[in-house]
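Participant: According to TrEMBL, the protein carries these features:
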type     : residues : note
DOMAIN   : 111-354  : domain 'ABC transporter'
TRANSMEM : 461-482  : transmembrane segment
TRANSMEM : 494-515  : transmembrane segment
TRANSMEM : 536-562  : transmembrane segment
TRANSMEM : 568-589  : transmembrane segment
TRANSMEM : 601-621  : transmembrane segment
TRANSMEM : 720-741  : transmembrane segment
Amino acid sequence: MSRFVTGNIPPARDNGEVFDWRQSMEGEELRVSSSGPSPTLGHLLKCVGDVRKEVTGDETPVHQVLEMGEANMEPRSLPFVLSFSNLTYSVNVRRKMALPAIFRRTNQLGVATADHIPGESMITRTKTLLNDISGEARDGEILAVLGASGSGKSTLIDALANRIAKGSLKGTVTLNGEALESRLLKVISAYVMQDDLLYPMLTVEETLMFAAEFRLPRTLSKSKKKARVQALIDQLGLRNAAKTVIGDEGHRGVSGGERRRVSIGIDIIHDPIILFLDEPTSGLDSTSAFMVVKVLQRIAQSGSIVIMSVHQPSYRILGLLDRLIFLSRGQTVYSGPPMNLPLFFSEFGHPIPPDNENRTEFALDLIRELEGSPGGTKSLVEFNKQWQSTKHTRSYEAGTNGLSMKEAISASISKGKLVSGATNDGSSTSLVPTFANSFWVEMAVLSKRSITNSRRMPELFGIRLGAVLITGFILATIYWQLDNSPKGAQERLGFFAFAMSTTFYTCADALPVFLQERYIFLRETAYNAYRRSSYVLSHSLTSLPALIFLSFAFAATTFFAVGLDGGLSGFLFYFLIIFASFWAGNSFVTFLSGVVPHVMLGYTIVVALLAYFLLFSGFFINRNRIPSYWIWFHYVSLVKYPYEGVLQNEFNDPAKCYVRGAQIFDNTPLGAVSQAMKVKLLKSLSNTLGMEITSSTCVTTGVDILQQQGITDLSKWNCLWVTVAWGFFFRILFYFALLMGSKNKRS
């Protein structure tokens with residue numbers, strides 16, 4: 001492995017050793033070629049100990065790793081060079097509203113200062129985040145992007161990782177001189193976000209095991225996947241925390257440094273060729289940050305390109321880095337190895353003091369000082385351009401042994417890289433499969449992970465069940481054993497309207513479920529851990545058992561207590577229509593969670609739409625009375641179909657009578673007169689109509705009530721199927737929302 005190092009070379013502990021620049025003589029460059037083979041991550045794990053041995057002295061034994069590549073490996077020169085040139089990225093930023101002239105700042109002459117710059121829009125202005133950035137990174141090394149907050153570090157990482165829309169980013173990114181296709185980059189690279197996005201109730205070992213099942217092919221046996229995970233746990237220094245849950249605000253779990261290493265582990269489980277990391281040391285103490293970067297060094301030594309952004313590396317971390325790029329407001333102010341920093345700033349006219357131990361701190365302080373000066377960092381940017389063209393920065397050889405991108409990937413695959421089922425046939429885009437496993441395997445693993453995480457938080461389901469049981473209990477006691485009088489019929493209508501709308505409102509708790517998993521989903525699907533379709537289907541299937549249990553609990557609590565009609569068959573349909581309502585409501589809320597990114601905004605929309613659905617369901621106003629310009633809302637109301645279904649289940653018996661004889665005067669002003677007077681009125685009405693109406697004559701049956709309510713279009717079974725179909729419809733919309741909204745790219 002060809003390297004640029006300097007000075008006194010310490011003995012290497014393994015074949016991929018990176019020499020410490022701190023032991024070098026400033027300004028001198030030597031070329032050193034390693035005599036041994038450059039191992040992949042799988043072979044390297046056999047040779048290196050736990051990171052904690054060097055830092056904490058923990059003598060955790062190293063597990064034997066799965067053999068991913070060939071047993072005998074031949075020496076090779078660095079085959080991968082990721083080059084980027086003239087990267088430029090600008091965004092339009094909305095201007096703040098200008099204050100009236102009397103509130104504006106005035107200069108010494110008392111004249112209000114103008115906020116508008118000629119040539120720019122009064123509404124928006126253009127902000128350049130990257131300005132003509134060029135450089136390269138190669139396997140076996142760590143390229144670190146440094147700079148103050150807002151300098152463009154994360155933007156540059158996103159640009160290299162193809163997380164910026166193609167039309168917005170100018171410039172080129174190539175691998176071995178060939179343009180990188182988006183699909184190929186996804187399967188040969190991994191991206192570790194700044195935030196640790198993990199399932200809180202899974203252990204470290206389970207988290208890595210699920211990642212292995214996603215990213216490693218099904219052709220690998222379960223035992224080999226477990227061996228891979230165990231080896232990775234040892235390499236990451238997580239042996240003592242392997243059985244500990246990740247944890248969150250309400251559950252104690254692993255430390256911050258351990259969480260960060262787990263986040264890295266799930267993305268390197270398949271041994272990617274290129275690894276991008278957005279500030280992996282952010283928020284960590286010095287020791288934890290050093291351990292994380294030490295892990296990254298070993299990953300690079302296994303034959304990977306490691307590109308990371310870092311805010312301010314410590315002295316020890318700097319010794320692990322191979323190349324640096326300093327950014328200031330989107331421009332490159334230094335690009336080269338750490339050992340050249342003293343000479344660079346010395347020739348610039350700002351030599352680093354001999355007693356300054358951390359040279360990056362001096363560089364960052366100087367850059368910040370220049371940013372506050374009138375000329376900014378323009379002089380440093382121009383000096384860096386001149387520096388790059390001089391003898392001080394010897395550029396890497398472009399030949400890379402004459403390997404094309406396809407040949408280099410094939411060579412790495414044969415030596416154990418990209419263990420996600422890679423093959424060596426076809427074009428460069430077919431070197432590796434888009435997804436490591438089939439649709440059904442992905443769905444099974446996703447379902448298992450979701451169930452495992454949910455099973456360890458039973459309080460969430462307990463709260464849902466409690467809410468359903470309490471609501472059912474209140475309804476049962478209020479509408480206890482309704483009779484078949486006119487008032488009883490009217491009360492049944494109110495019970496059904498409230499019960500059906502309640503099932504939909506209860507489903508609002510599904511809103512934060514996906515919102516909590518949203519960024520985990522974006523991270524995993526951005527680099528093809530699994531298909532979006534498999535996630536949608538597994539998400540649907542895992543929600544069904546809870547919905548079935550909640551539906552049965554509500555149906556059993558209310559059906560017999562209220563005295564609903566239909567017997568056992570009526571109860572079965574009542575249970576099915578409630579389950580269909582839960583299913584449709586859950587799907588509707590899940591779809592909204594895929595569209596609305598904020599919980600509070602989502603709840604506002606859900607509550608408002610469900611209120612509209614209830615208003616147009618047919619309970620408050622019959623269909624015949626709804627204005628023609630609103631009738632469409634009646635047919636898209638989710639509450640309409642289950643409401644009409646339970647009404648037909650209750651009132652479709654023509655032999656069931658709800659108004660007999662004198663009960664015809666109930667709910668009218670004549671209802672207050674005496675029973676004797678009602679009998680006289682009934683006889684007078686009979687004489688007028690020419691038909692006999694006695695106290696036992698049935699005046700209104702259940703079918704009549706259905707007609708009065710305007711429920712004549714669909715049978716109860718058709719109402720059930722329409723409700724179920726609504727659920728499937730919103731699941732399909734949820735899929736398209738994920739498909740359109742999870743590009744995970746800057747515009």
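Placed from the backbone N, Cα and C atoms, the Cβ positions cover glycine too.
Bear in mind that TrEMBL entries carry predicted annotations, made automatically and left uncurated.
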Participant: For the domain 'ABC transporter' (111-354), what's the model's average pLDDT?
Facilitator: 86
Participant: If you count every Cβ pair below 8 Å, which range out of 461-482, 536-562, 601-621, 720-741 shares the most with the transmembrane segment (568-589)?
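Facilitator: Between the candidates 461-482, 536-562, 601-621, 720-741, the best contact partner of the transmembrane segment (568-589) is 720-741.
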Participant: Could you check whether the transmembrane segment (720-741) and the transmembrane segment (536-562) come into contact, where contact means at least 3 Cβ pairs under 8 Å with the two residues of each pair 6 or more apart in sequence?
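Facilitator: Yes, since the transmembrane segment (720-741) and the transmembrane segment (536-562) share at least 3 Cβ pairs closer than 8 Å, they count as touching.
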Participant: Are there residues at least 6 beyond the ends of the transmembrane segment (536-562) whose Cβ is under 8 Å from a Cβ of it, and what are they?
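Facilitator: Distant Cβ neighbours of the transmembrane segment (536-562) are 442-444, 446-447, 450-451, 454, 461, 464-465, 468-469, 471-473, 475-477, 479-482, 492, 495, 499, 503, 506, 510, 514, 570-571, 574-575, 578-579, 582-583, 586-587, 590, 731, 734-735, 738.
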Participant: In the same chain, which residue numbers or ranges, 6 or more beyond the ends of the transmembrane segment (601-621), come under 8 angstroms Cβ to Cβ?
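Facilitator: Contacts with the transmembrane segment (601-621): 493-494, 496-497, 500-501, 504-505, 508, 511-512, 515, 589, 592-593, 630, 633-634, 637-640, 643-644, 709-711.
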